[in-house]
Amino acid sequence: MIQQKVLFISLVAVALGLGLGLGLKESVEPQVSCRYRCNETFSKMASGCSCDDKCTERQACCQDYEDTCVLPTQSWSCSKLRCSEKRMANVLCSCSEDCLEKKDCCTDYKSICKGETSWLKDQCASSSAAQCPSGFEQSPLILFSMDGFRAGYLETWDSLMPNINKLKTCGTHAKYMRAVYPTKTFVNHYTIVTGLYPESHGIIDNNIYDVTLNLNFSLSAPTMTNPAWWGGQPIWHTVTYQGLKAATYFWPGSEVKINGSYPTIYKVYNKSIPFEARVTEVLKWLDLPKAERPDFVTLYIEEPDTTGHKFGPVSGEIIMALQMADRTLGMLMEGLKQRNLHNCVNLILLADHGMEQISCNRLEYMTDYFDKVDFFMYEGPAPRIRSKNVPKDFYTFDSEGIVRNLTCQKPKQYFKAYLAKDLPKRLHYVNNIRIDKVNLMVDQQWMAVRNKNYNRCNGGTHGYDNEFKSMQAIFLAHGPGFKGKNEVTSFENIEVYNLMCDLLKLKPAPNNGTHGSLNHLLKNPFYNPSPAKEQTSPLSCPFGPVPSPDVSGCKCSSITDLGKVNERLNLNNQAKTESEAHNLPYGRPQVLQNHSKYCLLHQAKYISAYSQDVLMPLWSSYTINKSPPTSVPPSASDCLRLDVRIPAAQSQTCSNYQPDLTITPGFLYPPNFGSSNFEQYDALITSNLVPMFKGFTRLWNYFHGTLLPKYARERNGLNVISGPIFDYNYDGHFDSYDTIKEYVNDTKIPIPTHFFVVLTSCENQINTPLNCPGSLKVLSFILPHRPDNSESCADTSPDNLWVEERIQTHTARVRDVELLTGLNFYSGLKQPLPETLQLKTFLPIFVNPVN
């Protein structure tokens, strides 16, 4: 036994000796790193630093504890330190080896940990086809809104936003996208997803009163989710109604049970959710099995709008907000690339409106105009006024009196007051009971408020006229459906709904957009528009003798040979063809009104379509060169005669215009454009007459006598088409003859509510309108026909100080003119129809920048 113990001790001694001799020792080195140790259980027996969640309290954490164990719970990015990290339950995203399998990698995992090229550093995609992984038969569409992203930000600070700049470079972008009026958040977001103007979808502002509901709408009121406020069909319903799936990560209207349903997936708005969490959730939706995966997704972030409101659009803070928005886009694109979806998904990045600088030194107070402000006012950059006692006094409120008291009261006012019916037609802001009758159009950087208690006047705001440059929004698009490296002209956001439907191969619901007008953004347009079909062909108005007896009351003592003068109206076929080539170079305006009775009247210098329903031309068309004649015409009272081609019963008479009336005869084709007396006599006929308010003729005559020759010189000639508009019910569409009779029952000759003018020239001004092989350029106006010029405070002002500004205020799209007249322009153009639609939806901008 003793021998055994001695042997055991000897063996231990030998073993220890060998161990010491060979340098072997027990693994008891103190721990110095948290790598693979985060959230381990604390042990008093362990040597070295700790990595449990209480180590900071004991001041025993390893030096890399914050970077290794804390930062992953706060960061949405990988780092070299995090690569191959041990899986932790509470991280925002993972950089572990199994994260791809678990589908919870940080979006930059492959570029940071696997050495792959990031999306930002990739070359622009060169393939013309979608490159989608298995299971994606159709490209998903993501609609991403960055609230308040003014188009000018991208012009000024593009180098500070590398991700957005790459999207712009590689995809399709517009210099800007035009918001609808008022340029507010809910208004424009809902327009984008319905294709409807606010007057059509009902969200006419962020704050609304509806007398029929007797309810108020605001962004914070519980009534906001009442479906009665929300009209139209938002894109997420169009998607689901046609068998696809839609998911919305915030969008105005998406959490409302519109038409009885919600999007397939939706989130209740919560502004505290980080942008990165929103992107991560969107990416998870794209990871879903095919049967659950959405085909359409919205994503919304509040920046740079929130910062713009607080600090204004020109500030260091706005740059930081833009960089945050840029990083959010970068995170989305990296996440798409990690899923091999970056060249599969179609992405539209846009904004709802821009942002403008404001100051408490630039306020207009209603107390300066009224002894007592006894009404309710929606204050700010897009003010409206109504009765404060509603619903009782809603309909009896003296809106006209309010407008009078706010018109031409100071030498310099920073707003103009309008009845809604007199607002520029381009705004499409009248045809809804929720739009109050009194509206103030406020100058840039100014606001109109009740009194001096108003204090929300520093920083930035929006809501102004949508023609102001500061209100312009961004539009960028990227993906296999869009052309690459493509810049397009500006367009209005009502067109985006149709565009999205085309990308998803859906049939759009009725909307205010012009379907096909954005085909030039797409590689392979899904929808090919068809030409409008004329509903009514012209009748014949043959040349005939002067009626006897002549009861027209017209006279012209300067005509010595009436037969010879009238014979000039009897053009043969060759002369008619020559007249059409000169006066209708882009085809005859087609009449889309049903049961309209009219005939074409050819003269050498102009052609008109005379309506036997309203006893005046529907339109008159002529072409003037860069140096039109400016001889003084005979006055209408001295020289007018019946058009012998029009039966007396279907003609205006001079006796319709009595000196004591406010209405006077005006001409569509100016007689003074004739280069000889005979050519002027061709225009001094009753078929060229339109009834005009005497006050309006000041504008009309200055426009034709001064501005039209000026524009002709600048554009190397013009084709001019003008005519009356009848919109008595203010719905933005032409009134039928029966509707006109409802409003005008005391005369056979109705008074137009507006007049339109469409000026067309060659884009390349080397060429004339008659010889234009390339693109056309258009300038069109819809001029309210009002009895006075109080809109311009022009009673004592020379015409040159106000007329041009007035007509520029009332610029319009050709498409607006078409809707209000029932006419179809440019029917003779040989170019593809989508190019013509671009021309028709173009809106010129005249607003001068703020000094």
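Every residue gets a Cβ built from N, Cα and C, even glycine.
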From Asn512, Asn625, name the one Swiss-Prot lists as N-linked glycosylation site.
Asn512
Residue in Asp147, Asp393, Asp398 which Swiss-Prot records at the divalent metal cation 2 site where Thr185, Asp352, His353 also bind:
Asp147
Candidates are Cys113, Cys124, Cys132, Cys556. Which one does Swiss-Prot pair with Cys344 through a disulfide bond?
Cys132
Of His173, His462, His478, His515, which one shares the divalent metal cation 1 site with Asp305, His309 in Swiss-Prot?
His462
What does Swiss-Prot give as the disulfide partner of Cys793, choosing from Cys360, Cys408, Cys457?
Cys408
Under Swiss-Prot's annotation, the disulfide partner of Cys556 is which of Cys501, Cys599, Cys639, Cys654?
Cys639
Going by Swiss-Prot, which one of Cys360, Cys501, Cys541, Cys554 is joined to Cys457 by a disulfide bond?
Cys360
In angstrom units, rounded to an integer, how far apart are the Cα atoms of Thr185 (divalent metal cation 2 binding site) and Asn512 (N-linked glycosylation site)?
19
Rounded to a whole angstrom, what is the C-alpha distance between Asn594 (N-linked glycosylation site) and His462 (divalent metal cation 1 binding site)?
42
What is the number of residues in the domain 'SMB 1' (30-73) that are helix, strand and coil, as DSSP sees it?
13 helix, 4 strand, 27 coil
Distance, Asp352 (divalent metal cation 2 binding site) to Asn512 (N-linked glycosylation site) (CA atoms, angstrom):
17
Other than its close neighbours in sequence, what residues sit by the domain 'SMB 1' (30-73), given a CB gap under 8 Å and a spacing of at least six beyond its ends?
79, 81-82, 85-86, 88, 90-92, 95
Average pLDDT across the domain 'SMB 1' (30-73)?
85
Which listed residue (Asn216, Asn259, Asn270, Asn405, Asn512) has most other Cβ within 10 Å, given these are glycosylation sites:
Asn512
If you compare CA-to-CA distances from Asn259 (N-linked glycosylation site) to each of the binding-site residues Asp147, Asp305, His309, His462, which comes out shortest?
Asp147
